[in-house]
Amino acid sequence: MSQVLPAQGSGETGTQSTGRARDESVGASQVKRRWVVSITSVAAGGLLLAVSFPPRPWWWLAPVAFALLGLALRGRRARAGAGYGFVFGLAFFLPHLFWIQDFLGAELGPVPWLALSTVMAAFVAAACALLPLVGRLPAAPLWMALVFLAQEAVRSRFPFNGFPWGRVAFGQVDGPFLSLGSIGGAPLVGFAVLLTGFGLAALIAHVHEHGLRPSPAWCTPVSAALVPVIAALLVWPTVGTEPQDGTRTVAVVQGNAPNIGLGLLGQRSTLRRHHLQASQELATRIRSGALPRPDLVVWPETATEITGPDQAIDNIVADLGAPTLIGALYQPPTGSSQNAVIAWDPHTGQGQRYAKQELVPFAEYIPLRSIAALFTPFADTTDLTAGTRPGVLDIADTTVGIAICYEAAYDHVSREATNQGAQLLVVPTNNAWYGRGEMTYQQLAMSRLRAVEHGRAVIVAATSGVSAIIRPDGSLAQITDMFTTASLIEDVPLRHTTTLADRLGPWTERGLTILAVVGILAAAHSHQRPRHVGEISSDDATS
């Protein structure tokens with residue numbers, strides 16, 4: 001009879017081998033379970049971040065989203081961090097940018113929406129690859145918040161002048177963090193949210209590992225979670241709203257547009273006709289005494305084409321009896337067209353003009369024209385010419401700052417206007433392209449943040465809604481519905497003082513980004529230093 005014996009020198013019995021296999025199986029099962037939990041956690045976090053943005057007032061979900069991300073990245077390697085970050089980014093950007101599918105989907109399918117969401121998620125992945133590294137430093141929530149914020153700074157500039165949509169700060173206009181915009185603009189608001197979220201993650205992890213026993217180790221996570229909230233509440237009383245240079249009665253004309261998406265390419269005459277008619281109705285109500293006579297009237301972005309003298313616009317502005325800002329596709333005597341706002345006087349006609357500086361890539365100008373047809377129906381159109389001067393126009397005895405549509409997402413446009421004396425900010429926009437999706441509310445949130453950031457009333461004039469009049473504290477004085485003809489009229493304060501955010505300018509974001517780089521370098525140096533005998537790194541201990 002043959003007998004199976006353990007191999008000589010193996011030192012392992014059959015029972016031991018079975019036990020080891022069982023342990024390995026249990027270990028593999030635990031790793032898989034942890035992976036599933038982490039993937040689910042970061043996907044949920046990205047979705048929570050998406051629904052924290054307007055039109056929903058659920059700003060408080062953003063810190064929760066980053067707490068989930070921070071917990072999932074705890075003890076991970078860079079490659080795992082990048083993977084989880086990519087999932088988080090996709091879970092956020094796919095719903096946040098779904099309005100692109102509403103805009104382009106009928107002609108190009110989901111390719112533009114999926115492509116842009118994927119590129120944006122890649123930026124998040126790059127930041128999250130670094131979060132486990134800086135997460136080993138003392139005061140880890142601080143460094144993690146700085147690194148994630150640095151990612152926003154990069155993607156707001158690169159490529160093609162960047163895409164600032166979806167910055168954390170833009171989802172906070174209904175919450176207490178908004179007040180910090182007057183101190184450090186959008187970068188400081190975003191940093192406060194991130195610090196609170198990653199602080200919550202550190203606090204939860206500490207309680208899980210050490211229980212509720214009091215210890216000095218509580219200081220960092222508790223401070224990270226609470227200090228930004230306390231600071232924001234303390235700053236609120238300093239947000240200025242009172243008139244400093246009197247008031248102006250401002251009217252907004254929303255002429256409406258057909259909800260036909262890309263069909264608007266052939267409807268420029270319809271837009272013009274609608275806005276002339278809506279302006280005539282407004283003028284009639286003013287003459288009847290039903291409405292006060294405005295000091296200034298504002299038309300939306302590209303509500304008409306202007307190629308030279310325009311008698312119809314002359315007549316309607318004279319009938320309104322007030323200087324009017326006309327949003328127009330302007331064709332100069334030489335060169336290509338501009339997306340412009342023209343100051344129109346009831347007595348002297350056309351005056352100063354501001355041309356949009358930050359043009360929309362693949363729409364108002366076409367980079368990579370050879371492959372652009374995959375992503376845009378505008379591939380065969382002529383590029384618009386970008387403006388080169390700050391958005392400041394003198395009209396109605398008022399210095400008005402202007403940011404046209406997409407420019408509301410860029411910090412420098414409104415800041416330059418304010419620092420050049422703007423007493424009031426105006427945002428003409430044409431959101432009719434995007435249907436009834438959330439894009440127009442996301443953009444309105446940017447304008448509400450700009451109001452607090454610069455301490456100015458903001459007038460949003462949209463072709464099809466939503467148009468709004470925003471007070472300097474970011475609250476809404478009036479707002480229209482979508483895809484309806486409407487007009488707004490309101491007394492708004494004029495202000496001349498600049499906020500600390502204006503005076504610091506780009507240095508808030510630059511300073512925070514420099515600190516992020518310092519943290520990355522310090523963490524990399526610490527990670528590469530020689531280890532003493534018996535010392536185990538977190539990379540050795542975890543996958």
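Glycine too: its Cβ is placed from the backbone N, Cα and C atoms.
Automated prediction, rather than curation, is the source of TrEMBL annotations.
The feature region 'Disordered' is assigned by TrEMBL to 1-26.
Under the heading compositional bias 'Low complexity', TrEMBL lists 8-19.
Residues 58-62, 64-69, 71-72, 84-85, 87-93, 95-96, 168, 171 of the same chain lie 6+ residues outside the transmembrane segment (35-52) yet bring a C-beta within less than 8 angstroms of a C-beta in it. Sequence annotations record features per position, and here TrEMBL assigns transmembrane segment to 35-52 (among others).
Here the transmembrane segment (58-75) has Cβ contacts under 8 Å with residues 38, 41-42, 44-46, 48-49, 51-52, 81, 84-85, 88, 92, 128, 131-132, 135, 141, 144, 148, 168, 171-175, 177, 193-194, 196-198, 200-202, 204-205, 538, 541-542 of the same chain, all six or more residues outside its ends. What TrEMBL records for 58-75 (among others) is transmembrane segment.
For the transmembrane segment (82-101), the list of distant contacts is 38-39, 42-47, 49-51, 53, 65, 69, 72-73, 76, 110, 112-114, 116-118, 120-129, 131, 165-166, 434-435, 437-439, 442: same-chain residues at least six beyond its ends, Cβ to Cβ under 8 Å. If you look up TrEMBL, you'll see 82-101 (among others) marked as transmembrane segment.
Annotated transmembrane segment per TrEMBL: 113-133 (among others), in sequence order.
For 140-158 (among others), the entry in TrEMBL reads transmembrane segment.
Summarising the annotation, TrEMBL assigns transmembrane segment to 178-205 (among others).
For 217-236 (among others), the entry in TrEMBL reads transmembrane segment.
For the domain 'CN hydrolase' (248-494), the model's average pLDDT works out to 95. Under the heading domain 'CN hydrolase', TrEMBL lists 248-494.
If you look at the transmembrane segment (178-205), the same-chain residues 6 or more away from its ends with a CB under 8 A from one of its CBs are 62-71, 74, 140-142, 144-146, 148-149, 152-153, 167-170, 172, 218, 220-229, 231-233, 235-236, 238-240, 411, 415, 448-449, 452-453, 455, 474, 499-501, 504, 508-509, 512.
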